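In what follows, a single structure is set out as structure tokens and then discussed.
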Amino acid sequence: MIIKPKTRGFICTTTHPVGCEANVLEQINTTKAKGPITNGPKKVLVIGSSSGYGLSSRIAAAFGSGAATLGVFFEKPGTEKKPGTAGWYNSAAFDKFAKADGLYSKSINGDAFSHEAKQKAIDLIKADLGQIDMVVYSLASPVRKLPDSGELIRSSLKPIGETYTATAVDTNKDLIIETSVEPASEQEIQDTVTVMGGEDWELWLAALSDAGVLADGCKTVAYSYIGTELTWPIYWHGALGKAKMDLDRAAKALDEKLSTTGGSANVAVLKSVVTQASSAIPVMPLYIAMVFKKMREEGLHEGCMEQINRMFAERLYREDGQAPQVDDANRLRLDDWELREEIQQHCRDLWPSVTTENLSELTDYREYKDEFLKLFGFGVEGVDYDADVNPEVNFDVEQF
């Protein structure tokens, strides 16, 4: 079929398999160009490996460190009549390129919150890898099915205490609007912590540890975003922030356990990037369009892949073997460039003056839109979008 982009709200409802493959290859080439990480991980589990920072982590491990990787995700394959999700095509492309380079690559498609996913991963690790030396936790899901009761819990992207009103961009109509978000109830805050907090990360590590598949010295990392006062009401000081604070709690508990065998657990605080997850958060698209323009001008811009390559090479797996630099909460900070005072001051000054008319001139909004479509495989250089493509792409994946 010939596939064109169709957007609804903050998602694109179509995806392009060839475009997604080209995106993955671009990230692989970026990683290979950095050169190998001398003392990187060799057997890696990535939970949430099909897009964004999780996909970049899998690429960094495999193509930067020559690691065998096992990826866990929840994606839909394409059918004769309908394309699959971008994450399905990303994972298929990763698998193809990893195998072409002689690297071990297997994937599990199913609910990562379930007991079954954990057991499937353990069985594969025992059969194929023995033990793993790195676990990346990168789930971004709006809903979690509790593994014991089967109850569905939903997260909320809401402020706490009072209604949040701010200038934002309507990405469907390309208009500057004023948006208001009602505050979260106590229940909504609790539910957001249940879905997006650290509990499932702990459950994964407990299951892996009990099964004896964690090697001595195993490192685990989960991803967070803090931002600044520009986004704090909706993010760090909102319901989502409470969940990310719970990730800090989990990291501390996990670090205490893993350090007894020479391992570690850290939250890595990353910069804002264009992902399906960030596009759903009010004000983030406008903030990203502003901050990207300034960071590009300063030569500081990074996408997911550049961020994760820096985390591997300059934080977790330093050439000198030294422990990574952390903040006072033991977090790895990769948002250091974004948080530079001159970058943030620029955004603070610019925010009130952005209008629908000057949006594309004052910010990188057009680039934001391009990058958003690219997540789904569209607008990728060198791809013929008038060509007939097969939406059914299969690869080495266990489904349940």
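Glycine is treated like the rest: Cβ placed from N, Cα and C.
Features as listed in Swiss-Prot:
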- TYR235: active site, proton donor (ACT_SITE)
- 48-53, 74-75, 111-112, 139-140, LYS244, 273-275: NAD(+) binding site (BINDING)
- TYR225: substrate binding site (BINDING)
- GLU75: site 'Plays an important role in discriminating NADH against NADPH' (SITE)
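Taking the C-alpha positions, the distance from LYS244 (NAD(+) binding site) to GLU75 (site 'Plays an important role in discriminating NADH against NADPH') comes to 24 Å. For the pair LEU139 (NAD(+) binding site) and GLU75 (site 'Plays an important role in discriminating NADH against NADPH'), the C-alpha distance works out to 12 angstrom.
Between the CA atoms of GLY48 (NAD(+) binding site) and GLU75 (site 'Plays an important role in discriminating NADH against NADPH') there is a gap of 10 Å. Closest in space to ASP111 (NAD(+) binding site), of the recorded positions given as GLU75, TYR225, TYR235, is GLU75, taking the CA atom of each residue. Distance from the CA of TYR225 (substrate binding site) to the CA of TYR235 (active site, proton donor) is 8 Å. Every protein chain considered, the tally of other Cβ atoms within 10 Å of the Cβ of ASP111 (NAD(+) binding site) stands at 17. The C-beta environment of SER50 (NAD(+) binding site), restricted to residues of the same chain at least 6 apart in sequence and closer than 8 Å, consists of GLY71, PHE73, GLU75, THR85, ALA86, GLY87, TRP88, ASN90, SER91. DSSP assigns GLY52 (NAD(+) binding site) to a helical segment in the three-state reduction. Here the Cα atom of GLY52 (NAD(+) binding site) is found 13 Å from that of TYR225 (substrate binding site). Cβ crowding, taken as the number of other Cβ atoms within 10 Å, peaks at TYR235 among the recorded positions PHE74, TYR235. Less than 8 angstroms from the CB of TYR225 (substrate binding site) sit TYR235, LYS244, VAL269, LEU270, LYS271, SER272, ASP335, each of them six or more residues away in the same chain.
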